[in-house]
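Residues or ranges marked as domain 'SSD' by TrEMBL: 204-329. Annotated transmembrane segment per TrEMBL: 20-39, 175-197, 204-225, 231-251, 272-300, 306-330, 360-377, 516-536, 548-569, 581-600, 629-648, 660-685, in sequence order.
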Amino acid sequence: MSTALYNLGRYLSRHKIATVLTWLMIIVLSVAAAVLSGGKFNDNLSIPGTEAQEGLEVLAERFPQVSGASGQLLLQAPDGADIRDYRTDIEQIVADGNAIEDVAIVSNPFEEGGASSFSPDGENVLLQIQLDVQLGSISDATLDGFRDLADDVTASTDLTAHVGGGMFQMTSVHFSIAEVLGVGVALIVLAITFGSLIAAGIPIVTAIIGVAVSMLLVITAGAFTDISSTTPTLAIMLGLAVGIDYALFIISRHRSQLADGLDVTESIARAGATAGSAVIFAGMTVIIALCGLGVAGIPFLTVMGLAAAAAVAIAVLIAITLLPAVLALLGEKLRPRRRHTPGEAKPTARWVKITTSHPWWTLVACVVLLGVAAIPAKDLTLALTDNGSQPVGTDVRDTYDLVADAYGEGFNAPILVTADIIASDDPLGVVQALSDDIEAIDGVASIGIATPNMTADLGMVQLVPQWGQTDPRTAELVHDIREQADRWEEDLGIDNVTVTGQVAAGIDISEKLSNALLPFGAVVVGLSLVLLLVVFRSIAVPIKATLGYLLSILASFGLTWAVFGWGWAAAALNVDTTGPIISFMPIIVMGVLFGLAMDYEVFLVSRIREEYVHTGDARGAILTGYTESARVVSAAAIIMIAVFGSFVPMGDAIIKPIAFSLAVGVFIDAFLVRMTLVPAVLAILGDRAWALPRWLERTMPHLDVEGTGLEKRLAQQEWAAHNPGVAVRVENMVLHDTRDHALVSGLSLTATTGDVLLVRSTDTLARQATLAAVTGRHRIESGVVTIADCVQPEERNRLRRRSAFTVNTVTLSTLSAWVESVLTDRHGAHVVAVDTADLLIAPGSGGRVDAATLDALCEVLAPLHAEGIVTFVGTAADADPAVVVTALTSRILPSSSVPAHATPIEESL
C-alpha cells in the first residue's frame, strides 16, 4: 500500500492544478445534486420487527385518521378564570386549525369525550392536532400556520396559546458560535504545533471542504431515504475532527522531511506513503465501526452510521488526494526555517521517562483512576428523548412544561393499544370494555380516546400514563399492558392486541439498542484485536490496546452520566435537563471512540515498533518512538476534544451527551491510556511486547502501515541505479518450513534478464522451497530480495502474478509442453521456476549430471531465455543437501556472446 501511495503522491504533485480543479468540480456537482434533489430530514423513526412498529403500520392501513403526525395546541385562560367561559373563542380556534393544510382534525373539547382535555384547575384546555401526513412530510406551511394561529390568539383574545408536540420537533441542523470557537481552538493548536499560520490553515480548509461535500451528499440522499435531523450533525462533528487530524499527521511528516532537506515532490510522496498509510488504516477502523451500527437492526441508526462513515471516507480521500496537491502548490513555503532540536521534545521525554521508570505504579494509578471515573456508569439509564429534553425557552419545550404542570407528565406521552374486533357484534361495547380494563391498570392516569375505526374491525384505546416518556416506570407500564394481551383476547373475543404509538416505539427502540450493545461491543473488540494483531504483528499489543479502549469507554460513560444523569457541572455545560440519556449514545460512542483510539494506537505505537525493529532495544524504542510521536498525537487529541466539546454548550438534547462523551473519551484515551498507560505496559513487557509465534506470523497478511515496504523500494531503486540490468537480487535469504525449521540460510545471488540458473540440492524440501520463494510462493523470513522488480515479502502477490512454477517435471517432453504454455498463456511471466528432480541424473552415475540431457534441457529452455525470462531449474544432480545455485546461461548462448555477468554462480549454504 505504501508504494502505491508513494506513486500517487508523486503523480498528484505533478498534476496539482488538475487535482484541485477536479475537487472544485466535485463540490459544484455536489451542490447541484443537493439543490436539485430537494432532500430533507425526517425524524419519523421506524423499527422493523417490533410490536410498536407493527401496530403503527396497522394504524396507517386501517385507521389512517390517527396514524399521521400529531401536535398540541394549549390554550390558557387568564389567572383565576375558567377556560370553559371562552367556548366561542375556542370553537373558532378549532375551526381555524382545521382549515390549515394537511390537518386531519383538531379536537373539539366540547364534543363528547372531550372532558379530559380540560385541566383539573379549569384554566387550561389542550387541543389535539392530528395531521394526515407523516412527520417527515410536514410542510412549512402547516407548521407556520399553527404558529401564526397561536400568535393571533394570544394577540387578539384574552387566551394565551402555545403549540408543541411531535410535529414541532426540530428537523434541521442548528449551529452556534461554539462550533466556530471549536474550529478556532483547532487553528491555534495547529499554529503552535507547526509554528506556521499557512501550515495551520491547510487542515482547517481541507476539513471544511470534506464536511461540505459530505453534508451535500447527505442532503441529496435525504431525497431517497429517511434521514434523521441528528444524522448531519454527527457527520459534521466527525468529518471535521478526523479531517483536521488526518491532515495534521500528513503535514507534520511532510514538514519534518522538508526540514531534513528532502525535495518537495519527494517529501509529499513519502509523507503520503508513510503517514498516508496510517491515515487510511485509521480511517478504515472508524468507517468499519460506524458501519457496524447496522448490527442494531434499526434503520435510522444504520443510516446515521453510514452518513458518518461517508464523512470519514471523504476526509481520508481528501487527505490522500487533495492535500498532496495543495502541499505541492505551496511548495517551499512550508519548509521550516529550522529543524526542531531534541531539546524541544523535553516535556514529552521527561513524561515517558517517569512512566517507564515506575511502570507498575503508573499502571495501578491509571487503572484506579479510570475505575473510579467509571463508577457512575452502573446507573446509566437510556431512553429516546422527547420535547422535555429540548432547550429551555423553545416553543416545544415551553409547551411541554406547561402541559406537564397542568395535566401531568403523562399527557405528553400517550400510549395506543389496538385490537382486531372484527369477530365482535358490539364494536363500541368491546372497545369500551377493553378501555375499562386498561384504565384499571396501575400507572394509567386516564383514557383519552376509545373508539373503533370507520369499518368497525379495529379498536383503538389511547391511554395517558402517570409518567413521561423517559421515565423507566412508563416502560414498565408498556410491558404490563402487553402481558395482559392474552387474557383480553380470551375474555373479550378480540385478536392481535398491540401496544403502539410513538412512546411505545421509543421504548422498543431503547430496548433493541440495549440488546445490541453486547454483540456490537464483541464485534468492535474482536475487530480491534484482529486489526492490531495484523498491523503490529504482536500478541500483547492488541490485547493491551483493547483493554485500554474498554477502560476509556467505561470511564467516558461514567463521567457522561455524572453530568447528564446526576447533574454534576450541568449548569456550567448548559445542560437544562438531567435524566435518561438518548438511547443510541452508547453504541455510537463505542463505534467512534474505537476508531479514534486505534488512530492514536497506530500513530504512537507504530513509531515505537519501528524503532524497536531497527535497534532491538525495547526500552530505548519506547523513549525514542514516544518522544518523536507524542507531540503530534497530543495536538490531534486536543483538536478532537475542541471540536467535540464545541457541540456541548449549544447542542440539542441528542447531540450534547454524544459530543460530551466523545470529548471526554478522547481525552482519557489519548492522554491517560495511550500516552501514559501504554508506555508503562510496554516497559513492563519489554521484548515480550513484540513476540509473535512464527506459525501465526506466516498466516497473517502484511499491512505496510509504517511504510517499510516503501523504504525497501527506495533502497532497491538506489541499488539498481548502481547495478543496471539486474533482474534478480537475493542477499542472505532465509527460508523456514511450516514447523519453523530452517530450510535455507544466507543464500545470495544476482541474475539478469534471460538468465538460466540451476538450483542444486538433494534436499527436496529446501530445493523446492527456494524455487517457490523466487516465484512468490514461499514466505521469505529475512534477507534483501527483489525479483522481477517485486520487493519481497511485501510484494509477494505481485511476484506470483509475474511468475510461473511447476514441480516434478520428469520428462523433457513434459517440460517442453510447460514452457510452451508459459510462452503462450502466461505472457506476463518475468521469472519461472521448474523442479526437474532426478531428470538430469545419468543412469548408474551415482547422482552425476548427464551432459546430453543437460544440453537437451537447455535447448528446451532457450525460448524462455530469448523472451528475457529468468529461469530457475531445480535438480538433485551433482548435489549435496545444501542448496547451490549455478548459472546455465552460457550453455544456451554461443560462446562468443556470453556476457560478463553470466559467469557461473556457486553459493554454498
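Cβ from N, Cα, C; glycine included.
Automatic prediction, not curation, is the source of TrEMBL annotations.
The model shown is predicted, which means the values in this text are computed figures rather than measured ones.
Residues of the same chain lying 6 or more positions beyond the ends of the transmembrane segment (629-648) and with a Cβ under 8 Å from any Cβ of it are 178-183, 185-186, 189-190, 192-193, 233, 237, 240-241, 244-245, 248-249, 252, 345, 348, 351-352, 573-574, 596, 599-600, 603-604, 607-608, 655-656, 659-660, 662-663, 666-667, 670-671, 674-675. Using a Cβ-Cβ cut-off under 8 Å and counting only residues 6 or more beyond its ends in the same chain, the transmembrane segment (306-330) has close neighbours at 5, 8-9, 12-17, 19-20, 23, 198, 202, 205-207, 209-211, 213-214, 217-218, 221, 227, 231-232, 234-236, 238-239, 242-243, 246-247, 250-251, 254, 264-265, 268-269, 271-272, 276, 279-280, 283-284, 286-287, 290-291, 294, 592, 595. Confidence over the domain 'SSD' (204-329), given as mean pLDDT on the 0 to 100 scale, stands at 86. Among the stretches 231-251, 272-300, 360-377, 548-569, the one making the largest number of Cβ pairs under 8 Å with the transmembrane segment (581-600) is 272-300. When each of 20-39, 204-225, 272-300, 360-377, 516-536 is scored by its Cβ pairs under 8 Å to the transmembrane segment (231-251), the top-ranked stretch turns out to be 204-225. A Cβ distance under 8 Å defines the sequence-distant neighbours of the transmembrane segment (548-569), meaning residues of its chain 6+ beyond its ends; these are 366-367, 370-371, 373-377, 379-381, 525, 528, 575, 578-581, 585-586, 589-590, 593-594, 597-598, 601, 656-657, 660-662, 664-665, 668-669, 672-674, 677-678. If you look at the transmembrane segment (204-225), the same-chain residues 6 or more away from its ends with a CB under 8 A from one of its CBs are 23, 26-27, 30-31, 33-34, 37-42, 183, 186-187, 190, 231-232, 235-236, 239-240, 243-244, 247, 303, 307, 310-311, 314-315, 317-319, 322-323, 326.
With a cut-off of 8 Å between Cβ atoms, the residues of this chain six or more beyond the transmembrane segment (516-536) that come close are 281, 285, 288-289, 292-293, 295-298, 542-543, 545-546, 549-550, 586-587, 590-591, 594, 598, 601-602, 605-606, 609, 690, 700-701, 703, 705. Secondary structure by DSSP for the domain 'SSD' (204-329): 111 helix, 0 strand, 15 coil.
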